[in-house]
Amino acid sequence: MKSALFCLSVFVYVIATVNGENPYRFFDWKVTYGDIYPLGVKQQGILINGQFPGPEIYSVTNDNIIINVHNHLSDPFLISWNGVQQRRNSYQDGVYGTTCPIPPGKNFTYTLQMKDQIGSFYYFPSLAFHKAAGGFGAIKILSRPLIPVPFPQPAGDFTVLIGDWYKINHHKLKAILDNGHRLPFPDGILINGRGSGASFTVDQGKTYRFRISNVGLQNSLNFRIQGHKLKLVEVEGTHTVQTTYSSLDVHVGQSYSVLVTMDQPARDFYFAVSTRFSSKLLTSTATLHYRNSAGKLSGPIPGGPTTIDWSLNQARSIRTNLTASGPRPNPQGSYHYGMINISRTIRLASSHGQVEGKQRYAVNSVSFKPADTPLKLADYFKIGGVFRVGSIPDSPTGRKMYLDTSVMGADFRAFIEIVFENRENIVQSWHLDGYNFWVVGMDGGSWKPASRNQYNLRDAVSRSTTQVYPKSWTAIYIALDNVGMWNVRTEYWARQYLGQQFYLRVYSPVESTRDEYPIPKNALLCGRARGRTTRP
Ligand SMILES: *[C@@H]1O[C@H](CO)[C@@H](O)[C@H](O)[C@H]1NC(C)=O
Ligand SMILES: *[C@@H]1O[C@H](CO)[C@@H](O)[C@H](O)[C@H]1NC(C)=O
Ligand SMILES: *[C@@H]1O[C@H](CO)[C@@H](O)[C@H](O)[C@H]1NC(C)=O
């Protein structure tokens with residue numbers, strides 16, 4: 001079925017190329033509540049076309065993806081696309097700062113283009129605390145035919161969505177946060193929507209690709225397969241130096257592809273996922289089943305790493321393969337990011353605390369408060385008083401935490417450095433919509449200008465979500481080549497919900513459709529944008 005679909009898509013692709021147009025793929029999604037039992041107890045899940053997790057989006061570089069999302073929930077709803085860049089088109093990003101919520105009983109058609117991208121990503125519901133109920137699924141962007149991929153075609157391509165999970169209903173979780181409290185520790189870990197019993201069937205001697213995304217709410221997870229090695233080949237759209245690991249840390253919001261060769265005697269093996277850096281250790285297993293298996297699961301479940309140093313060393317070993325192709329035939333390394341002068345340094349530090357007796361989280365002391373109108377629409381219609389550019393400082397100030405609709409201004413085509421400073425003792429995971437960035441350095445302690453001497457200015461990995469270890473820093477470089485209003489957020493979902501996020505407004509004074517697409521004709525209009533017209 002999948003290969004038939006693939007052949008069809010290649011066929012469509014060829015026809016379309018002849019016509020000089022990129023192919024279109026259409027999806028019609030019905031979002032509903034439904035009963036799910038991932039940890040053995042009944043709970044309310046968010047289903048897409050009856051499925052939990054939601055259907056996979058399978059695409060090829062530059063495909064146009066048209067998704068008509070029908071909201072049958074009793075709540076407003078939005079989907080966002082983690083790692084898909086929405087080039088020139090932040091209107092499609094599906095977060096509250098860019099797009100009006102789809103009201104209950106209504107629909108909205110997203111128009112995405114997988115422009116100049118390859119790799120493994122996922123989508124998720126961005127509003128309320130819907131992510132704790134499902135509504136997420138995998139996104140695969142394959143290389144165009146004739147563009148070389150730096151490894152032989154695998155015998156199969158498995159999606160592995162992992163994440164921590166609560167048995168508590170998502171409305172209740174949201175109410176706990178709204179009432180100013182912290183969430184309890186999660187109840188378990190799901191692998192493809194199941195607390196146990198997921199299974200992957202393989203043929204002995206063959207090599208398979210596993211695309212692993214952490215779609216959970218807060219915990220960093222470690223992934224491993226009993227008796228098998230993981231060869232890393234791709235991270236969020238970048239083909240990596242192919243290093244072999246016995247296990248892999250996947251921080252919340254991140255995606256990785258590994259190749260696994262089925263080189264063991266034919267039996268069943270444990271597929272194990274467990275929490276890292278957490279007070280309690282949660283582990284879930286699935287089965288790697290050899291088709292000619294002669295034996296059941298046996299032996300101890302393989303254990304994960306235990307030190308932060310192990311993780312830091314692994315993170316630093318993940319690098320770009322400079323001679324491999326990316327979405328285009330030229331090697332990915334031809335853009336020498338290490339030779340470009342930095343025009344600005346931004347330092348971001350998170351903090352936790354209470355505002356008016358309620359638990360909040362902040363970036364540089366500002367705890368994000370949504371406005372009554374999506375910021376992107378306020379910008380487009382020039383509606384004043386919704387947000388102020390510059391409402392979050394470029395560096396930590398030490399000020400007491402306060403609420404604001406924080407928007408940072410930045411110039412189109414600037415080349416900037418961001419240092420994430422983690423003064424807390426948890427692992428952080430930061431994501432930037434609209435972009436990939438180079439993870440040039442990370443280390444323990446405080447960042448200083450001299451820390452730049454240890455940056456990797458040659459083959460750092462380019463990705464969209466990076467971890468920052470406890471009491472440590474991570475530095476990234478970004479070429480701001482995508483105009484729009486882009487969400488910068490922690491992927492630790494309760495913290496995101498309670499303010500650890502802001503928007504980066506990448507602005508060009510030249511209003512040209514070459515730099516940014518016009519507002520979509522079907523854009524939903526809400527708040528102070530209600531009743532405006534999207535046609536010039
Ligand atoms: C809602 O769906 C209908 C078709 O079912 C479509 O014609 C319409 O454009 C959609 N609305 C939006 C806002 O995308
Ligand atoms: C990098 O990619 C090239 C080109 O596909 C490939 O031949 C080579 O094996 C890769 N090198 C590593 C270290 O992964
Ligand atoms: C970068 O800055 C240095 C020193 O200010 C300057 O000499 C050099 O020409 C600049 N390089 C580029 C590519 O702009």
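Keep in mind that glycine also has a Cβ here, set from the backbone N, Cα and C atoms.
TrEMBL annotations:
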SIGNAL    1-20  signal peptide
DOMAIN    31-144  domain 'Plastocyanin-like'
DOMAIN    157-292  domain 'Plastocyanin-like'
DOMAIN    372-509  domain 'Plastocyanin-like'
Helix, strand and coil totals (DSSP H, G, I; E, B; other) for the domain 'Plastocyanin-like' (372-509): 18 helix, 61 strand, 59 coil
Secondary structure tally of the domain 'Plastocyanin-like' (31-144) (DSSP, helix then strand then coil): 7 helix, 52 strand, 55 coil
DSSP helix/strand/coil residue counts for the domain 'Plastocyanin-like' (157-292): 9 helix, 68 strand, 59 coil
Per-region confidence, the domain 'Plastocyanin-like' (372-509) (mean pLDDT, whole number): 98
